[in-house]
Ligand code: NAD
């Protein structure tokens, strides 16, 4: 099958298997965060564009829901093959539009591929349940059915993995899909559309409408959208959750984070430093599972000094350079916001032991910020409470594990947390008491794989069923019960 190439200069929407220009005229530039080079223009689509997409998705649903499950899954086999074949090319696209290092982008594609692998198991995942003889001569059966048209709204920081948390599973469950990718990283989404076309997805089953608030609000209000999967910042996640629920939709809204890593005195210090450096500064700290607060337990200045030294040694630059770990933040406006947080940290009395602003005078092009570390941060400081989403780390001090757990409890967020320790009793206590959904034991980024739920707690998640795993299957299906007397 021939692939219809989308126009990489002025991006188009993907509706009913065709690349179509937005009916409006508003466009936004997509620059490379490392160089400022203009990569493309993305349409800021309007309600009409969205309505067109939902209309065709709803029509396609009437047929797609009846396509046998193994046949739906087979589209994912082909898609999986194509993603592997284009792995490197896709990773380079991510580096260009998002700025992250090639190795990180390559890993992101791999995590996305794993979602497709999980989705390809649809015939097993979609099996129902039966129980004969629930009463005399009476049997009960449960069947799963799709919901209809599902809307997906995604962030800039994982332009590949996050959409793939959503549509492969939604589609194999028999739903059709409208994706609204981040307007800051829209290019890869179109490449996904091209590869899905090549994989044989029928027209209208998967659609892309680029844009911003208007498209999001359109999805939240449209009566034919039955469920919303959202990933993004906390205020928007809460808004999406409330609006979608008010309009009677099923919703899962994954939100911001402040992930604490507790370093116990018995930890393997070298490994702890390594893990914390790559978790904090990899992808410029723009990961929802990035470490952004370290709790140093006991009097461990040696560890702090080692961390600062390693931060000094980091290579900063364009993600296409293999040596580079620290890459730019997504936009200059975001860098300005982060600089405001650094000022606030100083003003509120934290010790700035590594000032990343100094790299800014050297790296004139791109939105670079060097590794920044504050010591003696206290939980009431702004930099301890808010998600900064940048290469900025807060070090808090505690006398023991209980003190560290208390910081985690106090945080409004609960996406992830990690403990560095070799002591079984500390590990068990941490597992039982840490108030977050995804825990790591001596692991820098404890993100779950596609067959488990991605499981944030507190203000890091609004909803009930998480993305991926059995939660994902339950989210994208509704159950029908049959009770029969023979
Ligand atoms: P964002 O909230 O700015 O944007 C996310 C999506 O919402 C985009 O598609 C955007 O167009 C849309 N949007 C933004 N503002 C809106 C508004 N006012 N009304 C309607 N729609 C709006 O998030 P981002 O900056 O692209 O992504 C980073 C955020 O995502 C961070 O907070 C990060 O922690 C979070 N995130 C969370 C997870 C998780 O699993 N919990 C995963 C990845 C990213």
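Any Cβ shown, glycine's included, is placed from N, Cα and C.
What TrEMBL says about a protein is an automatic prediction, not a curated fact.
As given in TrEMBL:
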- 19-482: domain 'Aldehyde dehydrogenase' (DOMAIN)
- 156, 180, 183, 184, 387: NAD(+) binding site (BINDING)
- 288: active site, nucleophile (ACT_SITE)
Candidate with sparsest Cβ neighbourhood (10 Å radius) among 180, 184, the listed binding-site residues: 184
Residue among binding-site residues 156, 180, 183 with Cα closest to the Cα of residue 288 (active site, nucleophile): 156
Residue 288 (active site, nucleophile) CB neighbourhood, other CB atoms within 10 A: 27
Local Cβ density at residue 387 (NAD(+) binding site) - other Cβ atoms counted within 10 Å: 22
Long-range Cβ environment of residue 183 (NAD(+) binding site), under 8 Å and at least 6 residues apart: 28, 42, 44, 210, 211, 212
In the chain carrying residue 156 (NAD(+) binding site), residues 6 or more apart in sequence that have Cβ under 8 angstroms from it: 98, 182, 184, 185, 286, 330
Mean of pLDDT values spanning the domain 'Aldehyde dehydrogenase' (19-482): 98
